[in-house]
Amino acid sequence: METPTAAAPAGGFFPSFLLLAFGTLVAAVLGTVHRLGLFYQLMHKVDKTSIRHGGESVAAVLRAHGVRFVFTLVGGHISPLLVACEKLGIRVVDTRHEVTAVFAADAVARLTGTVGVAAVTAGPGLTNTVTAVKNAQVAQSPVLLLGGAASTLLQKRGALQAIDQMSLFRPLCKFCASVRTVRDIVPTLRAAVAAAQSGTPGPVFVELPLDVLYPYFMVEKEMVPAKLPKGLMGRVVFWYLQNCLTNLFAGAWEPRPEGPLPLNIPQASPQQVQRCVEILSRAKRPLLVLGSQALLPPTPATKLRAAVETLGVPCFLGGMSRGLLGRNHPLHIRQNRSAALKKADVVVLAGAVCDFRLSYGRVLNRKSKIIIVNRNRDDMLLNSDVFWKPQEAVQGDVGSFMLKLVEGLQGQMWASDWAEELRNADRQKEQTYRDKAGMPVSQHLNPVRVLQQVEEALPDNALLVVDGGDFVATAAYLVQPRGPLRWLDPGAFGTLGVGAGFALGAKLCQPDAEVWCLFGDGAFGYSLIEFDTFVRHKIPVMALIGNDAGWTQISREQVPRLGSDVACGLAYTDYHKAAIGLGAQGLMLSRDNEDQVVKVLREGQQLCRAGHAVVVNILIGRTDFRDGSISV
């Protein structure tokens, strides 16, 4: 007997297909309506008579975030935001190269704990910043880069200086956004600034097309034909352009919150802190290595210094933590770091990273207990799979962790013989430096002796900017910053050319400080033209050039290893005369006046105090001070 089967309803498939097709069509229409901004335009109108422009929104957000300076090299793509910043009392400082603008913003970020801001024009203006943005990324500096761009409708259509800027900066920045309507300026900038300062700080990029920054009547003139075209296609295009214009400015001037968003800063858990307290409490030979992250907000440098002094553990200071304890502090060990790390039984790496600076972790004793603290997990565990192992790895803010660690170790004391052993090694090393300072050189001045005299002449309110190879690396051993946030170097990326930008940002942030820049002669070539910037903006800084007529850090190893000094030679150029040509003051030191080094430094200092930018061209010879160092 056959089982009857239910017959499908006649024509059942066709209505279902129609329903599906209709639903798809409706969804497509609604999606198109949404993309064209038609729904938004129904509820938010355009003030076609307003002369306001998007640059005003940019400036308002910057002011609400406490931004005092915007560094730039002017271009038509960004003129509205520069004019608006000036009107709101934000100082606009123009440089002679875009890379200098970003370096200056980097310095502001490091010294103030707030975001540093640079604004540059589209295309070449932005590509000129790439090195400085990468340097900020590696140094973990919260820099906001504002970039102009071609109008939204002209992108990918061959407009002037129009390139795919977003693809260029995504690998370099924590946050990248292209603003497509005027109403999006404020929320996009607020999100960008928060991203720059949250977690592991770093650079962010916001692209601002022309039609987002200029006022309605100017954009309308460029975007929409004055007369309605004839023909169906012409009318469709006219409607499309008119709609794009309306969507650009719909709701543009409605009130919006402009102030800072909450930051997301990772913190160590109480359990992690307690485990670290227990490890350190059992140490006999503890050692602390502080890196740049230790100086990040929210912990003030004064509180961090007090915590380190209360802890009482001998320490090495690197990066932005240089100068934390001032000059000649008994806990600050400056020499023989590798030997000290090998002897320590507990090492706290507080913001320090096991990259090339710590020999990828190989410098650590495998029997030592290692505590490492870092906001960035990848940095924290770098090379731990090969050369070293942490006893406790804490992902969190370094400064806050140090305060909690000290609180947990209240009353803990360590035997003084360990610190005294390290200080004795320091004294022995420094005696070898004094011996080298007294050795004759084949020509000009002994750089070791010159730097010792710089150390003696340096005032207590000095802020040091260092930019160079051999001369600057020698200075790192001999010249001591006088206090916290008084030392600026490029960081782990080792970038040459930071000097002028860092000095510019530093002097603006700390006008009462004397900014002393130590340059190698090779590195100074990048910064020379910016003495025009210092003169125009009346920014007095003093540059000391260790002029040995060459890329000595490279030739020091290239010649003995490969037998040639090709491409390593420079000339004993009269850099001081070039500075005079730019309106600055120029002085020179050589063997002819070697008995007047301190006198000439004082003369430069007095000129600087009188409001002049000063270049001291110091002709130096070569020593074996850094023999054995490598530059790769």
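Counting starts with 1 at the first residue shown.
Placed from the backbone N, Cα and C atoms, the Cβ positions cover glycine too.
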From 12-33, 232-253, which range did TrEMBL mark with transmembrane segment?
12-33
Going by DSSP, how much of the domain 'Thiamine pyrophosphate enzyme central' (273-403) is helix, how much is strand and how much is coil, in residues?
50 helix, 25 strand, 56 coil
Integer mean pLDDT for the domain 'Thiamine pyrophosphate enzyme central' (273-403)
96
